[in-house]
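Annotated in Swiss-Prot:
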type	residues	note
BINDING	7, 8, 9, 10, 11, 12, 13, 14	ATP binding site
């Protein structure tokens, strides 16, 4: 089962994935955790270019293409060979929709066209953790273990457009996207997600 987790900066995805992995392993499921951009050696190198806050000259189209390239490598190396497992993936195609199609105003048609390969492997289930961008960025700033990246440094209006994009996407693909209020405690969000996963496994 291929499960993805989406949300703006500071939405708690990484923490939740670790908690879910621990529980699913205890229940004897074969679990793989991974992330985008990244997840494999080559894809992680692309990630470092994308998120390096010194690379301010990256254009919107280049950014979108790099995300798509990282995703293709990740699919071939990690996702497709492990589709018989429970895959918990931190971000996937919906991040490109929210950040590039809406946040960068590139539009859904362009983003879908460069991600046509990934569209053949859509998640079985996606959890979108909805959170006000200011709350999320404040959380990121308070987390000293988090290194501020290029996307964290974007202005508030960009992050607001990303959130609006996620809401639109959730309406477009409601058959696979579960929207969760990110203002709840991590434990409450975890329980909602776990209940949804166990219903489908």
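Any Cβ shown, glycine's included, is placed from N, Cα and C.
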| Highest CB neighbour count within 10 A among the binding-site residues 7, 8, 10, 12? | 8
| query | For residue 13 (ATP binding site), what is the secondary structure by DSSP, using just helix, strand and coil? | reply | helix
| task | Within the same chain, and leaving aside 7, 8, 9, 10, 11, 12, 13, 14, name every residue whose CB is within 8 angstroms of the centroid of the CB atoms belonging to the recorded ATP site, in sequence order. | result | 129, 131, 136, 139, 182
| task | Return the single residue from the binding-site residues list (11, 14) that has the minimum number of other CB atoms within 10 Å. | result | 14
